[in-house]
Amino acid sequence: MTTLTPTKSTAVTFGPLGERAARPLFLITAISATFGVGLSFILTLLGTYPSLNTDSSLLGNASQGALGRVFDFFTYFTIWSNILVAVIMWMLVVNPRRNGKIFRVLRLDTILMISVTGIIYQGLLAASAKNVGLEVVTNFFEHQLTPIVVVVVWLLVGPRRQIKWADIPLALIVPIAWAIFALVRGAVIHAYPYGFLNVDKYGLGAVILTVIEIAIFGVIISAIYLGLDRLLSLNKR
């Protein structure tokens, strides 16, 4: 008689609210991220966002026309993090027990990148932000609501036991890819999505040092989430 070996999907466990609450909470998170980034994309496409003037080399003054605005749109870390959250959450809505190494790393990426988005915005950008019209709505969803919802849902339902030490460096691949993309594009058009990436203003060495510091910050955040995951897994029924 052959003994069936449990698949990876059966190893997935959930937080205190259990699997029953997982799909509805994943759905709420997916809707939040999709609405925020979707509305932001529409406003960008229509050219209804006000021109950015906080730094002479920011993207708001770099590209012209709808195509240029759309390309600029996809240069922001905020957009990358919210899109990743939306994609991963919709996948979890379809299958809350989805697993596998690549998916596990991308799941870690969602909480890592959206946490950095929320923390950096609140710590460095919120005080000087001047949002008008529907930008107030998109800003709230992308920088405040979705980051909070992602973390709270992860704490409540997980999935648990899906963060490993070996996943942390792999989770930095997407953020580093974004940084390389932004810097290469900036070198070509001399325009950057964020002031701290402005090589023309601060020099390549200083900017690379800042990127390394943010990467280290990301490792620390990932390690904190790993520790929380281990701790919360101990209390799993």
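Each residue, glycine too, has its Cβ placed from N, Cα and C.
If you check TrEMBL, you get these features:
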- 25-49: transmembrane segment (TRANSMEM)
- 73-93: transmembrane segment (TRANSMEM)
- 105-128: transmembrane segment (TRANSMEM)
- 140-158: transmembrane segment (TRANSMEM)
- 170-192: transmembrane segment (TRANSMEM)
- 204-228: transmembrane segment (TRANSMEM)
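Beyond its flanks by at least six residues, the transmembrane segment (105-128) meets 54, 77-78, 80-82, 84-85, 88-89, 142-144, 146-148, 150-151, 154, 159, 162-163, 167-168, 170-171, 174-175, 214, 217-218, 221-222, 225 of its own chain at Cβ-Cβ distances under 8 Å. Only pairs six or more apart in sequence are counted, and the transmembrane segment (25-49) with the transmembrane segment (204-228) gives fewer than three Cβ pairs under 8 Å, not enough to call it a contact. With a cut-off of 8 Å between Cβ atoms, the residues of this chain six or more beyond the transmembrane segment (140-158) that come close are 12-19, 21-22, 25-26, 28-29, 32-33, 35-37, 39-40, 78-79, 82, 85, 110-111, 114-115, 117-118, 121-122, 125-126, 225, 228-229, 232.
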